[in-house]
Each structure stands twice: as structure tokens, then as C-alpha cells.
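Note sheet for the following structure.
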Amino acid sequence: MPTPRLIFVRHGQTEWSKSGQYTSVTDLELTKFGVSQMRNTGKHLIGNTPFQMIKPADLKLIITSPRKRAKQTADLLLESLDDEAKANISISEDNDLREWEYGDYEGLTTPQILDLRKQRGLDQDGVRWTIFQKGCENGEDHLQVTERIDRLIARIRTVHAKAIEDNAACDVLIVAHGHILRCFAARWVGRPLNVNPDMVLDAGGVGVLSYQHCNINEPAFYLSGAFTVPVDQEESEQ
């Protein structure tokens, strides 16, 4: 029985991802490098050769953040597929996949945020600010982000559960942003978001989540999911 997978992709490079500025509601497009980056990622990631991780026939659903940089990335990932393959893939936007809302910290770097908070008399408890523990002024905190991520995970699990019931392959691909995808991965396995999940996800990065024992109640990180080397059966028996 094929085990369903959730593949997540962070959007390609933008000017602010390059400079380290927090980007949520600011609707940036990809840089020229980001366009090439995601076009090439799509060519290597999706296709019918043994070296490509996602087979078009198994890719049932793509969900993107409503931001331009995420939708542009999704389009580029599919660019090398023919119209017939694309027609079999359902694509939708979901506002629950939008980036963590940074409020007053939009467009700032981490050092600038720390300086701003110091000027405002915050963090006098001696605990250094992190978005996970203290949230964003006039933006979201970890409880608000948890609520919307959990809603989305529940919807995806419904799709995966049906695939398991039908003994059918089912990959779901989500395209979004750095903070929200790290939070998504943490919530997938039930971790709280009030502590740093200690994950790194570069612009254009790809990760995989799935289930142990093909059981919808055993969500797991799929650590070997992004890179496998096909071996010819006859060669392996020599």
C-alpha cells in the first residue's frame, strides 16, 4: 500500500529573503535567480523518471499561500509538465498557508527587531525575543498560527485518509513561506509552537512529511524522502 506524502516547498528567492527581511503581507515577486531556481527545481522534482521524487499521476493536490511569490513558485514547479499532466492536478489557494503575520516587524531584519523592542522597553525579563515565544507586536502569536495550521492539517489528513482507504497513491504539495512551513512541520507531529522548532528551510527548499506504518494516526517526518537513488533490479541481483 503506498503511503501518502505531504511535500512542502518554500518559495524561491525574493529581494527580502536575500536580505533577511521579514516578509509576510508585502506581496513580492521572485527575483530572476528565484525564477530560475524554481524552474530548475520543478524539472528535477516532478516527472516520470526514476530520479524524480514526485510522479505527476500521484500528485493529487497543490495548495499555495495566496501571496504572489508562492503562486509564482507553484507555476514554475509545474512548467515542464504537459497540459494533460497538469489537468489531473487540483490547485488551490489557502489563506491558512499565508506567512506568519509580522505586524510592526514587517520588512525588518532580526537585529532591527531586537533594537526596536529595546527602544520600546520590551524583553526586560532578560529573555531574548524569538517569534515563537513572544510573537509579533500588532501581528500574530504562536496560538493564532497554531490554530490555522491545525485547520489545514486536518483538511489534508482527510484527503490522505481517503487515499489510504482506497489503496491509492496520494501526494499533496504545499507551497508557502519560511516560518509557516517550519511551523507546519512541527504541528504535523504535534509539537507546540511556543518554542523554536530548530529547523532551517532555505528559500526554494523542499521537505517531506508522511506517516509511519501507513497509519493516518502516526504522522512523521520523512527524513529520506527528498533524495533516493534508483537501482536497476538486475544489477542489484548480480
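Even glycines carry a Cβ here, placed using N, Cα and C.
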Task = Among Arg69, Arg120, Arg128, find me the residue TrEMBL lists at the same substrate site as Glu99, Trp100, Glu101, Tyr102.
result = Arg69
Inquiry  = Let's check the environment of Glu99 (active site, proton donor/acceptor): how many other CB atoms sit within 10 Å of its CB?
reply    = 25
Query = How would DSSP class Tyr102 (substrate binding site) in three states?
reply = coil
Spatial neighbour of His11 (active site, tele-phosphohistidine intermediate) that is closest, considering only the recorded positions Arg69, Glu99, Trp100, Glu101, Tyr102 and their CA atoms = Arg69
Key: substrate site, defined by Arg69, Glu99, Trp100, Glu101, Tyr102: further same-chain residues with Cβ within 8 Å of the Cβ centre   = Tyr22, Thr23, Ser24, Val25, Arg98, Glu106, His177, His179, Ile180
Inquiry  = Taking 10 A as the limit, how many CB atoms besides its own sit near the CB of Glu101 (substrate binding site)?
reply    = 19
Request  = Starting from each candidate's C-beta and looking 10 angstroms out, tell me which of the recorded positions His11, Arg69 has the most other C-beta atoms.
outcome  = His11
